[in-house]
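Peer 1: Before I ask anything, let me first share the structure, which is written out below as structure tokens.
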Amino acid sequence: MEMKRHATRSLISQHAPRMSHQYNTYQQEGVDSYGSYGEGGGGYDYQADYPSQEEDAASDVTEGHDEEDQMYEGEYQGIPHPDEVKAAQRAARAKARGAGSVISELEELSQQYEEIMEDCGHGKFQWTLFIVLGLALMADGVECFVVSFALPSAEKDLCLSNADKGMLGLIVFLSMMAGAFLWGGLADKVGRRRCLLVALAINCVFAFLSSFAQGYGFFLFFRLLSGIGIGGTVPIVYSYFSEFLQMDKRGEHLSWLCMFWMVGGIYASFTAWGIIPRYGWGFSMGTEFQFHSWRVFILVAALPAIASLVGLTFMPESPRFLLENAKHDEAWMILKQVHDTNWRAKGQPEKVFTVTHIKAPKTAEDEFIEIQSATGTPVQRWAVRSLTLCKLVLRNVASLLSAELRFATLFMAIIWFCMAFSYYGLSVWFPDMIKHLQYEENLPQPHVLSCYCPM
């Protein structure tokens, strides 16, 4: 019945302009157009009592009109619908593959993977992963400020000299640099999620231990290992998150993820302001163990890393990484999970994941590891796997200096060096400079004596 009413209204709307044109023509020929009911001035105006047929037809057509029947708002300006753009891109990629153009297995996998992520959509799964990885990036931002905020109070408890404080600030950044090199290389061969879990766990454990360290040597050692853990967060977080995003969403959401770095700085500043001046929050056990408020601040600063570590245990491995390492079945299950999670949250649980086959290239390195690790004692198998893994990581790093990537690597290194030097250099130098200026202001001014020497 509803479909019949809708068809009737559509028919009326199509014929309404033609009926109005015939009605006006009939008036011009001098025929009475039923302008009033009855004779003389005592009748009732017909047009005043009832709306015109054109207005009535238009109101009937628009009444109860569903949003699904409305036209795409950019269609009037000739702007194609986003679904049409994606369909055209897929057709172009399929045409290129059908034309017999020579592409590598990885390029073919990349094209197929983009189409699969478009089918999975963007929704609840990506936003959940966004929060979890944002907390990991926030933990990285917090750790960069922990030592600088804790030093004014820690230098009294640990009896730090100026050289000790400088070494403490230096060792944190050196360990972060080593951690970025280590975890960035391992993530391409071991897995994004696995490396990120281990890096966050290392940061949490040694940050916790550093808050209880009573001597300078132990505190320096624990902060060194904590920095190695947190240094792997930045390179893994961005690659891990980008492999769950469509191409048209990637730049936007990666930029939003950067906000958590600043949120980490704000979190560290507010917690330091609220905790460190509260000297009554600490306790002591004789003269051997002192736990003051700056140690409480170090514990609170590790909370974002702990929260991210817990959330990451419920997240899957990157399907793109699994496909590049010839793990087709695991990747398919994860992609189906992403697809079902997004479309259920959008109210379309009946939408089916239609991907049945994903081409996953098998590399010679994987075959070599499988053959070598299947023989010998457990210790020999572990040694072969570790040695092969180290060789693959070093080969990955050496590829950055190849002819194709040499200039891009150099330019990116210069850009990152300048950014880090200007940001961290000023943040480390300014507190000491301000302290030096305050010290000079408090010095007694020498009296200037003037004397007259006659010629």
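The first residue you see is number 1, and the count goes up from there.
Glycine is treated like the rest: Cβ placed from N, Cα and C.
Curation plays no part in TrEMBL annotations; they are all automatic predictions.
Annotations per TrEMBL:
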- 129-455: domain 'Major facilitator superfamily (MFS) profile' (DOMAIN)
- 1-63: region 'Disordered' (REGION)
- 127-151: transmembrane segment (TRANSMEM)
- 166-183: transmembrane segment (TRANSMEM)
- 195-213: transmembrane segment (TRANSMEM)
- 219-241: transmembrane segment (TRANSMEM)
- 253-276: transmembrane segment (TRANSMEM)
- 296-315: transmembrane segment (TRANSMEM)
- 405-426: transmembrane segment (TRANSMEM)
Peer 1: Need a quick answer: max count of Cβ pairs under 8 Å to the transmembrane segment (253-276), which of 127-151, 166-183, 195-213, 219-241 is it?
Peer 2: 127-151
Peer 1: Is it the case that the transmembrane segment (296-315) and the transmembrane segment (166-183) touch, counting contact as three or more CB pairs under 8 Å in which the residues of each pair are 6 or more positions apart?
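Peer 2: By the criterion, they do not touch.
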Peer 1: Which range wins on Cβ pairs under 8 Å with the transmembrane segment (166-183): 127-151, 195-213, 219-241?
Peer 2: 219-241
Peer 1: In the same chain, who gets a Cβ under 8 Å from the transmembrane segment (195-213) while lying at least 6 residues past its ends?
Peer 2: 136, 139, 143, 146, 179, 183, 186-187, 219, 222-223, 225-226, 228-233, 236-237, 240, 291, 295-296, 298-299, 301-302, 305-306, 308-309, 312-313
Peer 1: Mind checking which residues reach the transmembrane segment (219-241)? Cβ under 8 Å, same chain, six or more beyond either end.
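Peer 2: Result: 129-130, 133, 136-137, 139-140, 143, 147, 154, 158, 167-168, 171-180, 182-184, 187, 192-193, 195-196, 198-204, 206-207, 209-210, 213, 253-254, 257, 305, 318.
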Peer 1: Over the domain 'Major facilitator superfamily (MFS) profile' (129-455), what is the model's average pLDDT?
Peer 2: 82
